[in-house]
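Chemist: Here it is, the structure, as structure tokens.
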Amino acid sequence: MRFTRLSLSNFKCYADAAVSLDPGVTVIHGLNGSGKSSLLDACFFALYGTTALDTTLADAVTIGAETAEIDLHFEHAGGDYHVHRRIRASGGRAQTAACVLETPTDRIDGVTDVEAHISGLLRMDAEAFVNCAYVRQGEVNKLINAAPSTRQDMIDALLQLGKLEEYRQRAGDARLGVEDVKSNVEGQLDRLADQIADKEAADPHDRLASHNTALAEVTADIEHFEAEREQARQTRDDAADVLERYEESRTALADVEETIADVREAVAEAERERETLADRVSDHRERASDLDDEAAALAADLGLDDPDAEDASAERDAVADQREAVAERVREVAPAVSRLTEQADSAADDAATLDERAETLREEAAALDAEADDAAAKRDDAAARIEALDADIEAAMAAFDDAPVAFGAAEAFLDDATAERDELRERVATLRADRQSAADRVAEAEALLDEGKCPECGQPVEGAPHVERVTDDRERVAELDAELADVEDELDAVAQRVDRGESLVAAEDRVDDLEQQRERAVERRDEQADIADAKRDQAAEKRDRAADLDAEAEDARADAAAKRDAADEKRETLAALNADQTALKERLDALADLVDRLEAAADAREAAQRLAEKRAALAAQNEQRRDRLSELRERKRTLDSEFDADRIETARADKDRAEDYLEQVEPKLQALREDRDDLQAKIGAAENAIAELESLREEHERVQSRHQDLQAVHDEVTALETMYGELRAELRQQNVSKLERLLNETFELVYQNDSYARIELSGEYELTVYQKDGEPLEPAQLSGGERALFNLSLRTAVYRLLAEGIEGDAPLPPLILDEPTVFLDSGHVSQLVELVESMRRLGVEQIVVVSHDDELVAAADDVVRVAKDATSNRSRVSTPEHI
């Protein structure tokens, strides 16, 4: 596996960055704090998500940004892969908004699925990745400082031996689980055996036979007493029926006697009502005669000859029609009077209003003339302002007469000068840092030389191979001083160009501002000229309209006089119509009284006729009631003859005897039923006991069979647990031997020193370093640089072991070293270079080293330079340089 391309947007200190990574050794170079390690963090995060971050997810998003995106392209086993992650931050919190893995054959979405697929693809999770391929900054001594048990867990996990231990533990857990279940089953067998013995001792079969015999005897007694009870109930019901019919006859006789009394009372009441009706008929006939006399007098006053109600009503309707015609005429004339009066008043008001409007228009015309004069004055002021601005613009443009660029190009000129100045400033800072580093090495070397020691390895000067390095460093300091002076001179020249560009940009801004002011002055001049013309036109229109309104007012006054004359004529006509209407109303009221009296007389005669007919009907009803009395008296005699006293007494005696027997037999039956229920319950209990005994015997056989099965499973799981433990121990011993060999090869290759003979790795992953004289040393007793190289050797040995695999080659990610020189002096850095080159020779496809040390650059195939902008505090990445 190897990384091919990394793209970032708003990730940590990077706004936008993209870098391509080729096979071989790539050194990411830059000053401390420039953002080198953040590129590795991005690769690690792209593969394993938040597990790869030392901080929160929100800290991964650039300050001030809302989203961050990371795209990592890599090759693996001949296929191309692409991981895309997008983070969304809001209010101090962040979450993964998108996580996609594109494989050669599929597309996988979602954080969990993507990370699981990558872990399976590389055969390692995030922790294994750090322990194997990724030596993070400050963790170069992680493996060597770890306890042997921790180191064993790390390496076992990388070599997949942890899976065997996991399987062994699972088998052990399964064995314990089977033992628990088997113990429970054995206890269950004991309990079942005790229950079966208890059930057999109770002898449920004999108890069942005894209870069945007693139940048959009780059932026979119940059937005998129930038959006797039914016979007593029949006797009681027959006697009750006789007594009930007797009571019904007595009730019927009482009803007949009551009905006879009611009919007699009804006959007497009808006779009294007939006498009352005769008096009322006489009263109605007298009232009809009086009303006829009053109607004759009214007819004479009205000039009518013996009219009836129909004739009087027709005359009343004719007079009502005449009155309505006059009223209709009044309704027509009265509104006309009001309308003409209102029209006359309205015309007079219109004339006054028109006079007022004409006067207002003349006043408005005078005001518009004054506004037109004011606008003309403002127009003249704007014209003078335009002439002054033209002179100012010409003066400002004079700044470009001897300028290096034409008007309009000043801002581009300033941007180019500013960019060149920033690049030179960054170059000055880099040169000063390189010069300081070289000067420090010279000072340190000179101090060691003064003490008679080699500046590279600290050994005595005699026979030291690197003494000439001090002269090279002094020459390097002189070269850097000369180059720094040249660059500072260039920086001063560019600074003058920046100042000139800033003055030209200010001149362009001044011209733009003056031209905008001139445009506004032209607009104001034209606007005020238009206003003056418009105001004068409006004043002329208002004077013309005032003259028209004066003529309209005169016409309105003439119309008001004509309307008042017409209204006076209509008032005279209305007075004559009101007099006719009053006379017709008086005749109409008299006719209404005549009609009322004639109709009342007719109603009285009709009422007398109806009452006479009702009196005759009452007489007919009394005849019918007398016939009904005869029938009721015959029915009473029949009921009296049906009464038999002896039969009634016999029925009462039979009923009493039957009720006494029923009262005595019911408690006896209740007691027998309780005995029967008790026996049935005992029979059910005996049958249940027999069924439970059979069920317990069957359950005992089933549990016994399960116990045998569990014993077989227990034996199999125990054997499996033992097999996994033995296999893990055997494989670990093979790996320890192979890892020890690879570790010694690597350490001997990179640390060519006569002080140490070999390194020993025990089966528990304890490390021991043996000197040439055979004296053992703990790794912690080595110097800082030696410990760092020792640990790097161990890490690369583990990497080689994984690369070779237990059963052949295994695909591995790039070997990544983040600031591995942090614990190394200049001499050990050279040995680190040897280590990197040796891994290259051993066939590691891609090695990525992050460092600020210049010496590592010489060992690289490609160099990616990282720098940070001091103004924006953002890092940027240069295009890889092929060495």
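Including glycine, each Cβ sits where the backbone N, Cα and C put it.
These came from Swiss-Prot, pasted as-is:
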- K12, N32, G33, S34, G35, K36, S37, S38, Q137: ATP binding site (BINDING)
- 244-283: coiled coil (COILED)
- 271-290: region 'Disordered' (REGION)
- 305-326: region 'Disordered' (REGION)
- 313-326: compositional bias 'Basic and acidic residues' (COMPBIAS)
- 336-389: coiled coil (COILED)
- 407-506: domain 'Zinc-hook' (DOMAIN)
- 414-452: coiled coil (COILED)
- C454, C457: Zn(2+) binding site (BINDING)
- 508-565: region 'Disordered' (REGION)
- 571-604: coiled coil (COILED)
- 668-720: coiled coil (COILED)
Chemist: Under 8 Å Cβ-Cβ from S37 (ATP binding site), six or more apart in the same chain: what's there?
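Modeler: Same-chain residues close to S37 (ATP binding site) (Cβ under 8 Å, separated by 6 or more) are Q137, D818, E819, V850.
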Chemist: Would you kindly list the residues that approach the coiled coil (244-283) from elsewhere in its chain, counting only those six or more residues past its ends and only Cβ-Cβ distances under 8 Å?
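Modeler: Distant contacts of the coiled coil (244-283): 608, 611-612, 614-615, 618-619, 621-622, 625-626, 628-629, 632-633, 635-636, 639-640, 642-643, 648, 651.
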Chemist: Could you list the residues of the same chain, at least six apart in sequence, whose Cβ is under 8 A from the Cβ of G33 (ATP binding site)?
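Modeler: Result: K868.
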Chemist: Max Cα distance spanning K12, N32, G33, S34, G35, K36, S37, S38, Q137 (ATP binders), Å?
Modeler: 17
Chemist: Let me know how many other Cβ atoms fall within 10 Å of the Cβ of Q137 (ATP binding site).
Modeler: 15
Chemist: Run through the region 'Disordered' (305-326) and tell me, per DSSP, how many residues are helix, strand and coil.
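Modeler: Summed over the region 'Disordered' (305-326), the classes give 18 helix, 0 strand, 4 coil.
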Chemist: Over the span of the region 'Disordered' (271-290), count residues by DSSP class, listing helix, strand and coil in order.
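Modeler: Within the region 'Disordered' (271-290) the tally stands at 20 helix, 0 strand, 0 coil.
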Chemist: In sequence order, which residues at least six apart in the same chain have a CB under 8 Å from the CB of G35 (ATP binding site)?
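Modeler: Residues satisfying the criterion: K12, C13, Y14, V866, K868, S875.
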Chemist: Please work out the number of neighbouring Cβ atoms within 10 Å of the Cβ of K12 (ATP binding site), leaving out its own Cβ.
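Modeler: That number is 21.
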Chemist: In the same chain, outside K12, N32, G33, S34, G35, K36, S37, S38, Q137, whose C-beta lies within 8 angstroms of the Cβ mean position for the ATP site?
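Modeler: Other same-chain residues with Cβ inside the cutoff are C13, G30, L39, V850, V866, S875.
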Chemist: Just give the helix, strand and coil counts over the domain 'Zinc-hook' (407-506), going by DSSP.
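Modeler: Output for the domain 'Zinc-hook' (407-506) reads 79 helix, 2 strand, 19 coil.
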Chemist: Please spell out the DSSP helix, strand and coil residue counts for the region 'Disordered' (508-565).
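Modeler: For that range the per-state counts are 58 helix, 0 strand, 0 coil.
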